[in-house]
Amino acid sequence: MALHLEGLLAIVIFYVLILFVGIWAAWKNKNSGVEGGSDQSESIMVGGRDIGLFVGGFTMTATWVGGGYINGTAEYVYLPSHGLAWAQAPFGYALSLVVGGLFFAKPMRSRGYVTMLDPFQQLYGKRMGGLLFIPALMGEIFWSAAILSALGATLSVIVDININISVMISALIAIFYTLVGGLYSVAYTDVVQLFCIFVGLVSFKEILNDESSSQDFYLSWWSSRPDTMLGGIPWQVYFQRVLSASSATYAQVLSFLAAFGCLVMAIPSVLIGAIGASTDWNQTSYGPVPPMEKDESDMILPIVLQHLCPPFVSFFGLGAVSAAVMSSADSSILSASSMFARNIYQLAFRQSASDREIVWVMRVTIFVFGALATAMALLTGTVYGLWYLSSDLVYVIIFPQLISVLFIKGTNTYGSVAGYVFGLLLRIGGGEPYLRLPPFIYYPGWTQEEKVHHLTKEVEHIVMQRFPFKTVAMLASLLGNAVFSYAAKYLFESGTLSPKYDFLDAVVSKHSKEIMDKTTLVGSDNIILSEMAPVKPRIGSSLAGTFMNAEALSDEGETSPDLNNEPQ
């Protein structure tokens with residue numbers, strides 16, 4: 001297949017437009033937030049906390065609607081063994097945004113945090129924050145690598161451009177405008193990118209015909225993969241938008257708008273997948289052998305655009321895929337660098353670091369993490385498997401920790417460590433077929449299947465876990481956190497264990513005051529110093545009041561997390 005100069009020109013024009021918008025956004029908002037007294041590093045991470053509904057709704061939607069989202073949705077609708085009922089990304093992500101808006105957006109935004117890891121370091125200490133940073137970082141980096149890899153494959157199908165060159169150029173552009181403008185550049189380019197995604201994917205309407213048919217929903221969908229819904233919440237890319245909103249109410253509304261946007265943006269991919277399933281490929285330039293039999297089901301979207309559309313339509317579609325990838329990659333790279341610069345470098349190692357120093361650390365890590373994701377996209381054949389595993393770790397480790405730190409009173413570092421270990425062991429113990437990681441825990445209902453490669457005919461034996469062990473691992477992590485927290489609290493406060501054994505400074509001693517001060521934005525208008533004082537125990541409170549942090553969902557004022565570990 002020859003190089004398509006028209007397609008290459010379309011990509012060049014699109015990339016120049018994105019680069020221009022990113023630089024313009026950085027220049028336009030260079031003093032935003034800083035003039036109001038905020039640090040420049042904070043402005044890079046969460047803007048000036050003045051992101052409105054229009055830009056905020058677009059950037060949050062574009063963050064979820066990535067290359068994997070639109071390609072994966074089309075693939076699952078195309079596969080006869082799956083269909084629309086199993087294309088869980090649109091429904092799962094939309095529900096995760098709704099749940100996030102209902103329960104998590106308000107307490108996180110109202111307390112003035114800068115990153116998702118702030119409440120963990122505030123309550124559990126810097127060492128626990130460092131441990132939780134690992135799965136969070138893995139999720140962001142592997143996600144960026146996976147979608148960059150998918151972009152390279154898509155470009156090779158439609159334009160026949162070298163995969164390595166396309167991936168590197170796309171990554172460099174995303175890294176550059178993210179490095180220059182931070183969240184503002186990411187947010188404003190997301191507006192353009194989401195528009196390009198919509199225009200590009202709906203431009204295929206010329207190939208719609210009566211042969212395409214919808215898939216039936218199956219009742220079993222509702223009981224499958226709750227990790228798609230709940231696991232989509234504890235990501236820094238989500239909370240970076242929440243924390244950049246101009247108010248806690250706006251943060252909730254942004255989540256609901258993005259949920260609706262995710263459903264709308266999935267419609268073109270669903271239709272493309274249905275068209276691919278109903279097409280007689282023998283009558284196309286693709287050839288008589290369907291993509292599924294060539295083991296190319298994951299590329300059904302670019303294949304349909306290439307072989308069933310006029311050239312100008314396929315180039316619009318290519319721009320849509322490129323926009324989707326860049327809108328997600330830049331967000332993940334910025335999120336990873338924000339967590340490292342603030343929660344690892346500043347709060348854990350250099351609490352006296354200047355704002356200028358933090359800014360330079362962010363710039364360096366944006367480049368480093370972007371380069372790492374690009375290298376993985378080019379060199380690692382199992383990048384999707386790595387992302388799949390890391391996203392599971394986010395679900396089974398970070399999600400229960402987030403529930404504990406926001407809504408369960410009295411949890412401490414001992415419980416957090418126990419929950420971390422439980423979740424990790426139970427998830428890794430189930431194995432991971434994508435990485436050929438064998439299980440050492442065989443859950444009820446496991447089976448062994450033979451997988452024959454379509455091309456090489458190589459036979460591979462894979463253990464399939466039918467039991468919902470990921471959700472069990474998440475619940476075990478949540479329960480372990482609560483049980484071990486209250487056990488440690490009782491042992492130390494009753495005198496069973498000497499205070500000298502409180503080596504994590506979680507019950508008898510308090511974590512360093514400088515961590516608390518730096519984690520909460522004391523300079524922000526909606527946070528006052530008195531709110532960081534320990535909450536006095538209330539005698540005679542109900543059982544629900546003892547264990548549940550009802551203030552997190554209250555509409556009465558802004559509150560800080562329950563930092564009190566005093567005897568009840």
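Each residue, glycine too, has its Cβ placed from N, Cα and C.
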Segment assigned the feature transmembrane segment in TrEMBL (from 51-70, 231-250, 331-350): 51-70
Candidates 128-151, 299-325, 360-387, 393-410, 417-435; stretch with most C-beta pairs under 8 Å toward the transmembrane segment (7-27): 299-325
Among 128-151, 163-180, 253-279, 299-325, 360-387, stretch most in contact with the transmembrane segment (393-410) (C-beta, under 8 angstroms): 128-151
Interface-richest range of 51-70, 91-108, 163-180, 299-325, 360-387 toward the transmembrane segment (128-151), CB pairs under 8 Å: 360-387
Segment proximity, the transmembrane segment (163-180) to the transmembrane segment (253-279), 3 or more C-beta pairs under 8 Å: no
Result, the transmembrane segment (51-70) in contact with the transmembrane segment (299-325) (3+ CB pairs under 8 Å): yes
For the transmembrane segment (163-180), distant same-chain residues with Cβ under 8 A (at least six beyond the ends): 15, 18-19, 21-23, 25-26, 148-149, 151-153, 155-156, 186, 189, 322, 325-326, 329-330, 333-334, 363, 366-367, 370-371, 373-374, 377-378
